[in-house]
Amino acid sequence: MSSPLITDFLHQAGRAAVIAGGLGTELQRHGADLNDPLWSAKCLLSCPHLIRQVHLDYLENGADIIITASYQATIQGFKAKGFSDEEGEALLRRSVEIAREARDLYYQRCAESSSDNGDDSRILKQRPILIAGSVGSYGAYLADGSEFSGNYGDAIKSETLKDFHRRKVQILADSGVDLLAFEAVPNKLEAQAYADLLEEENIITPAWFAFTSKDGNNVVSGDSIEECGSIAESCDKVVAVGINCTPPRFIHDLILLLKKVTAKPIVIYPNSGETYDAIRKEWGQNSGVTDEDFVSYVDKWCESGASLVGGCCRTTPDTIRGIYKILSSGQSPTFSAK
């Protein structure tokens with residue numbers, strides 16, 4: 001089933017809609033300390049103004065969709081930090097409020113700007129902007145590296161996962177997000193749990209499933225991307241399916257495999273290609289692609305069938321600006337040396 005929201009949105013976006021880039025890694029670049037099981041959700045407590053600023057930076061560099069700082073924000077995770085269920089729920093709602101504040105501020109700046117922007121380098125353009133509520137995997141909550149392997153052990157069943165995610169999904173949907181973004185889905189078990197949960201709770205907010213891969217054929221657990229894509233295709237609540245937090249070099253092949261099993265829009269937002277050490281909790285130096293190289297893939301991704309394109313970990317507002325420029329003008333952007 002196609003969603004009027006996503007159909008109309010993509011029609012207005014043109015060639016493809018632009019998704020914001022990395023949130024947690026961009027917060028770190030702004031000085032936030034994310035050495036915590038809550039990761040970027042820690043900033044909901046310590047520096048919400050930084051989250052708002054990063055959202056705004058992405059909007060001013062061409063993003064059409066911003067994603068809430070709730071990837072690793074769970075009621076269970078907040079409870080482990082000493083918060084009550086009610087306080088945890090309030091922090092989830094706050095992640096949506098912050099994104100909405102950034103969108104409102106962006107629209108205000110658009111209204112205040114001159115039509116030609118003069119020498120203003122910001123992209124101030126009145127357009128539909130969607131807020132996607134981020135839902136991270138069960139492995140992201142565990143913060144033990146299993147989000148990168150998809151190996152939860154035999155004791156974890158679909159019911160376990162549904163019960164874990166249920167309240168968070170309800171809160172994000174009730175908070176007024178435009179979309180639910182199920183991100184870095186590592187295995188078919190969790191994908192099926194999400195699909196069943198959306199149906200059981202009759203969630204009316206449209207959703208996308210974005211899987212993560214490290215080889216161009218399978219999700220990180222080893223389950224085939226086609227199997228996982230078929231789960232998304234069979235769920236009427238899911239309006240787009242794709243890949244995130246995966247090296248850019250694998251994306252083209254993954255799009256082609258997904259196109260075999262789904263007619264839904266394809267959503268693509270890879271990471272920079274840098275290697276993350278889940279034990280040391282740090283990114284490998286000089287292991288990724290430059291912004292120029294990242295953006296050079298965009299034409300091929302869109303020609304292969306991608307309808308929504310952005311970035312994940314270690315991509316920046318500059319990356320997103322490059323994507324915006326190549327989609328809006330067809331010209332390869334230039335990047336300043338860093």
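Heads up, the Cβ atoms here are built off N, Cα and C, so glycines get one too.
As recorded in Swiss-Prot, the features of this protein are as follows:
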DOMAIN    1-327  domain 'Hcy-binding'
BINDING   C245, C312, C313  Zn(2+) binding site
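Counting other CB atoms no more than 10 Å from each candidate's CB, the binding-site residues C312, C313 peak at C312. In sequence order, G22, T25, A184, T212, N244, T246, Y269, P270, N271, S272, G311, R314, T315 are the same-chain residues whose CB sits within 8 A of the CB centroid of C245, C312, C313, the residues recorded for Zn(2+) being left out.
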